[in-house]
Structures are given as C-alpha cells and as structure tokens.
Amino acid sequence: MLIFLFNYCWIVIRGKESEIYIVKNRDKSIDYMKAICIILMIYTHTVVEENMFKTYLFSFHIPAFFIVSGILFERKYRKNDKNISIDYRYIIKKRINQLMIPYLIFCLLLALYFSFNQFISGEKILLVDYFIKIVTFQGIESMWFIPVFFFSELLFLYSNKKFVQSVILILSLILMYFSPYISDYWLIRLIIKIGVGYIFIFIGYSISKFDLINKLVSMVAVVLGIVCFCLAQYNGFVGLGSVDFENIFLYLFNASITSLCLLVIIGNYMDKFNISLLSLYGENSIVLLCINNLIIEIVRLIDYKVFNSFLIKTQHFGSLLFTVIILFICYIIIYLMNKVTVLKSVFGKR
C-alpha cells in the first residue's frame, strides 16, 4: 500500500513519468520481484531486534536475487540451444562495470565514513582492516553480496557442462553442511557463499526451464508461502551473509519455494498494474544495494544527535519510517544519476 501511495504521489508531483529513465520492454514481474526484495532488505537493516517477520524475510530475500539471476540466465542464454553464442568477454566486462566498480567505490566510501567516525570518537581507526576486507572481496556491511553475486554468476556462466554443474552443486552442498565447523576463515566463508549463490542460480535456471512460474496455481502459491513462513520459524534465524543456514535443506527449500511463490503472485496480480516506482527500484536494485548502508549510517547519526534515537525507540513504526526515508533518498539519487553522466559511470549504468 505504501508503494502504491508513494508511486501515485510521485507521478502527481512530477507531472509525467518520463523524467526518470526506465528501460522499456523489461519483464515487469522480475523488476517488481527485485524491488520488493531490495525494499525488504533495507527494512531488515532498520530493524534492531530479531522477530518472526525478520526471521521470515531473512529466509528468502537475499537468495531471491540469485534465483532471479538464474531465471534471466535461462531466458537469455539457454544452454541447450546451441544456436545461441555467448560472448563471455562482453558479459564479464559488463558485470564488472555494473557490479565490481560500484562495489569498490561504495566500499571505500563506507570505509572512509566509518574511519572518520572512529577518529572523531577517539576509537581505534580500522581503515587498514576495511581495505583488506575490500580487496579480499569480503565487503563492508551488506556489500559482501556484490562480489559473491558476481563470482556466482561467473561460475554458473562457465560451468556449461552437466557433469561440471553436478560436481559444483554437490561440493557446495557439502560445504554448506560443514559450514558450522569450517567457516572461521574468511576465504572458506567466501567460497561457501559463492557455492550457495551458485545453487540458487541453478534453482532459478531450473524454475525458468520448466516454466514453473506459469504452471503453479496462485492459491497453491499462497498456501506454500504460508507453509514456508512456518518452516522459517522452525528453522530459526538464518543468513547467507553470516553463513548461518541451520538445516541446509530447509534453508534451500524455504528460499526457493518462497521466491517461486512470490514470482507467481506478482505475475498473476501485480503484473497487471504499472507501478513505475517499483519498476524503478527493481531496475536499479544494485544502486539501492550500494548506497543503502551509507544512507542508513548517516540517517542513524542524525537521528541520534538531533532526534534522540526516535527511529529506534519507536520500534516497528520507526523501522517503517526509516525505510521510507531511505527509499526517498534513493529515489533522489537515482534521479540525479539519470541526469548526470558521471554518476551513471559510478553506478555502472553507462
């Protein structure tokens, strides 16, 4: 409801939708899915305490991006279609511009921001530690996602033999199973995350290959979604970023089925509406991912210094308000990005 209201208000204020660039001929349901997941991710960053809803969101909102990637892979580069040639060099160059350059820029900005706060607070400055995390692809805050996403896609792109795919899937499952015992070292954690990302890309590819989105009935999707909510509570709090899966099969099942159900519901109901704001956020989901942590930290600092931590003290209302504020700021940044050529390059949109 907030998105519909926000969308309507902006159309009225702007007078026309063409002021913000949105690529035509895109799959609206995919953009809506990415937008919903990135908004939910931002919301979870504003919620301090763990609760049932946050537990549920963490069970699928990050894996959903990998699943969507797998769906798009299948649609663009059907591996069984030998008539389609894949320009690997072009794809890698494009993804470096779209993912790794923004990763580097915004990780450095976060590192400088945190180091400055440590300096003025008299704390130990951890700039070197941040730099090590950046160059080893561990990332800062939620920026860990970008290199994991990049390398998972790259691995999937090059593993075009069924035998190789099977080996990677089996090894990834083994690493997931033993993750509580072997994930103390950063490199092992990174490999596990990439392996899990690969599994979800493969699942998304299979969903598209067997046309499950169109075959699953809406009411069945709703029922399955409720079942997954209950199973998520049973499995407990999980997170790909923290390499915490609890029961790995429940984790994979919940993330995959919930993502599929959301895609079915979006395709059958939301796809009928032209929600331009949601399309905008979906198309620019990587932009939101890059900038949300820095915005969150700045807004939190202002809230603490000026409003006596109002957003934290008001709990659920504060989290919702916090999320709306972040989305509004992100909207302005996206607007400026589409007006300023340099910003397009920063966000990998050239």
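Along the chain as shown, the residues are counted starting at 1.
Cβ coordinates are placed from backbone N, Cα and C, and glycine is handled just like the others.
The range from 278-296, 297-315 that TrEMBL describes as transmembrane segment is residues 278-296. Of the recorded ranges 54-73, 130-151, 216-236, 248-266, 316-337, the transmembrane segment (186-204) has the largest number of C-beta contacts under 8 angstroms with 54-73. Cβ atoms under 8 Å from those of the transmembrane segment (54-73) belong to residues 30, 33-34, 37, 40-41, 43-44, 47, 145, 149, 152-153, 156-157, 196-197, 200-208, 228-229, 232-233, 235-241, 251, 254-256, 258-260, 262-263, 285 of the same chain, restricted to positions at least 6 beyond its ends.
Beyond its flanks by at least six residues, the transmembrane segment (130-151) meets 41, 45, 62, 65-66, 69, 95-96, 99-100, 102-104, 106-108, 110-111, 114-115, 186-187, 189-190, 193-194, 197, 240-241, 286, 289-290, 292-293 of its own chain at Cβ-Cβ distances under 8 Å. Across the domain 'Acyltransferase 3' (28-336), mean pLDDT in this model comes to 94.
Counting same-chain residues at least six beyond the ends of the transmembrane segment (99-118), those with a Cβ under 8 angstroms from any Cβ of the stretch are 124-127, 130-131, 133-134, 139-141, 143, 146-147, 149-150, 286-287, 290-291, 293-294, 297-298, 301, 345-348.
If you look at the transmembrane segment (248-266), the same-chain residues 6 or more away from its ends with a CB under 8 A from one of its CBs are 29, 32-33, 36, 59-60, 63-64, 67-68, 71, 173, 176-177, 199-200, 203-204, 207, 212-213, 216, 218, 221-222, 224-225, 227-228, 231-232, 234-235, 238.
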